[in-house]
Amino acid sequence: MMQVIGVLGALAFLLYVLVVIVVGIQLYFKTRSWLRKLEGVLPHPDSGSAAGYTLLALALSTIIELGALYGFRNSPLLIAFAFPFIVGFTEEGSKLIPYFRRGGDILLRWRLSLRVALYFAIVEAVLYAIYLLLVGNILGIFLRIIVIMFHVSFTAIALCGALSGAWIGGYLKAAILHALYDAPVFVLLGIGGDLPVLFTVILSTSGVLYTYNFVDRAFMTPYTLAMERIEEKKREEEAEAGPTGGSFTSLP
């Protein structure tokens, strides 16, 4: 049975929204800066492949999440505490499909997965924006635009683990961070009550701050690999070209 939320729970939830807005804005510019930095050093994936994998990720996520939501329709506790994790594990898993489905260059697969995450976030934001516009929630549209880069950051965190040889750990970390990010809304809608909302907000705020602080490392990993590859190629070209200094000839 849903509890009525009091002043403490309402204030905690509003504080969480403010944290997400502030961190989301900073995360947007930080992530965009990294994407521009990586633009010149990473191989370029095919746009058609990115679009196809995005549609696949959206379809899988929609089917699984709607099925779970229908199954949990009579259980507020499951909606509050289980559904956010289903969303997190489903969406983060679906965005990683191109990395594990395709063979070949790991940096190309990394970039393809990041592009899928970005497309996924944009499509999701547009769909939410249409609904929010219909109900007159202009502030909600603004918030959806701000938090687009959370999707990209979660995927970057998962792929950081994959590039480091610990893809399971990276996937679990990204999925849990995603679940914590969504959790306050579902706890508020599912069961309400000051203590559940307050406890969830504390955990979720920690997750949001961790995401922001870890994202530099997540992007630095592929950047370092790409720069090492460029330097290695440069050394190979110099070795093939031979010495560049002047040459001396001896008279017979």
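Note that Cβ sites are derived from N, Cα and C of the backbone, with glycine treated the same way.
According to TrEMBL, the transmembrane segment annotation covers 6-29 (among others).
Residues or ranges marked as transmembrane segment in TrEMBL: 50-72 (among others). Remote same-chain residues near the transmembrane segment (50-72) are listed as 78-79, 82-83, 86-87, 90-91, 94-95, 97-98, 101, 112, 115-116, 119-120, 123-124 (criterion: CB distance under 8 Å, separation of at least six residues from the stretch ends).
Positions annotated as transmembrane segment by TrEMBL: 78-100 (among others).
Taken from TrEMBL, the feature transmembrane segment applies to 112-135 (among others). Counting same-chain residues at least six beyond the ends of the transmembrane segment (112-135), those with a Cβ under 8 angstroms from any Cβ of the stretch are 35, 45, 49-51, 53-54, 57-58, 91, 94-99, 102, 141, 144-145, 147-152, 154-156, 159.
Proximity of distant same-chain residues to the transmembrane segment (141-163), defined by a Cβ-Cβ separation under 8 Å and at least 6 residues beyond the stretch ends, is recorded for 17, 20-21, 24-25, 27-28, 30-32, 35, 91-92, 95-96, 99, 106, 110, 113-114, 116-118, 120-122, 124-125, 128-129, 132-133, 169-171, 173-175, 177-178, 181, 211-212, 214-215, 217-219, 221-222, 225. What TrEMBL lists as transmembrane segment is 141-163 (among others).
The transmembrane segment annotation in TrEMBL covers 197-215 (among others).
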Cβ contacts under 8 Å made by the transmembrane segment (6-29) with residues that lie 6+ beyond its boundaries: 143, 146-150, 153, 181, 184, 188, 192-198, 201, 204-205, 208-209, 211-212, 215
